[in-house]
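Trainee: The structure's right below; bear with me while I get my questions together.
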Amino acid sequence: MRLCDTDIERYLDQGIISLTPRPSNEKINGATIDVRLGNSFRVFREHTAPFIDLSGPKEEVTAQLDAVMSDEIIIGENEAFFLHPGELALATTLEAVKLPANIIGWLDGRSSLARLGLMVHVTAHRIDPGWEGKIVLEFFNSGKLPLALRPNMVIGALSFEVLSGTAARPYTSRKDAKYKHQQSAVASRISEDK
């Protein structure tokens with residue numbers, strides 16, 4: 001069952017769910033809590049690679065990804081990151097999220113931003129039970145104009161559901177968890193898939 005606003009507030013007060021820094025209670029609405037944009041970004045570099053072979057040997061996939069992904073880009077508090085039409089970028093939420101092993105979270109974009117063509121997550125909007133870290137956003141501008149994104153702007157909303165039981169393999173206890181405790185816009189680690 002999805003948590004309502006009063007349950008989200010209570011779970012935050014009791015430390016069952018943690019968002020750091022904690023948003024004010026005014027940011028809790030109905031069944032969601034607003035999250036803001038952090039200052040860490042990554043983009044695809046200009047490149048001439050014809051493709052990335054995602055099923056190739058791990059070393060080759062890693063080398064191909066390293067060749068096309070930028071280093072981390074840190075934007076100052078009063079600066080803007082410009083996402084141009086047709087571009088994909090990675091970013092993070094300002095808030096770090098910590099969930100227990102019996103709660104799953106969901107990230108949704110804002111309708112007001114979607115109406116401008118901004119997709120906040122391309123496909124990955126699940127926050128696994130036992131997650132600890134910032135949420136990486138997969139931005140895509142499907143609109144016609146560049147969009148100026150600034151740290152601290154409300155970028156999405158989280159909702160939470162209590163599972164039917166406690167997960168036996170929560171994210172932080174998994175040895176194969178590729179993005180455990182992430183604090184920045186971590187590039188794809190698909191080459192670590194088993």
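The backbone N, Cα and C atoms fix where each Cβ goes, and this holds for glycine too.
If you look up Swiss-Prot, you'll see ARG110, SER111, SER112, LEU113, ALA114, ARG115, ASP128, VAL136, LEU137, GLU138, TYR171, LYS178, GLN182 marked as dCTP binding site. The active site, proton donor/acceptor annotation in Swiss-Prot covers GLU138, and the record cites sequence analysis as its basis.
Tell me what's around each of these sites.
Mentor: Annotation note: SER112 (dCTP binding site) sits in a helical segment as assigned by DSSP.
For GLU138 (active site, proton donor/acceptor), the Cβ neighbour count at a 10 Å cut-off comes to 17, with all displayed protein chains included.
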Trainee: About how far apart, in whole Å, are the alpha carbons (Cα) of ASP128 (dCTP binding site) and GLU138 (active site, proton donor/acceptor)?
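Mentor: Taking the Cα atoms only, ASP128 (dCTP binding site) lies 17 Å from GLU138 (active site, proton donor/acceptor).
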Trainee: In sequence order, which same-chain residues at least six apart have a C-beta under 8 angstroms from LEU137 (dCTP binding site)?
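Mentor: In sequence order, LEU37, LEU90, ALA91, THR92, THR93, LEU107, VAL120, HIS121, ILE155, GLY156 meet the Cβ cut-off.
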Trainee: Measuring Cα to Cα, how many Å separate GLU138 (active site, proton donor/acceptor) from SER112 (dCTP binding site)?
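Mentor: One finds 17 Å between the Cα atoms of these residues.
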Trainee: State the count of C-beta atoms found within 10 angstroms of the C-beta of ARG110 (dCTP binding site), not counting that atom itself.
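Mentor: So the number of other Cβ atoms within 10 Å of ARG110 (dCTP binding site) is 16.
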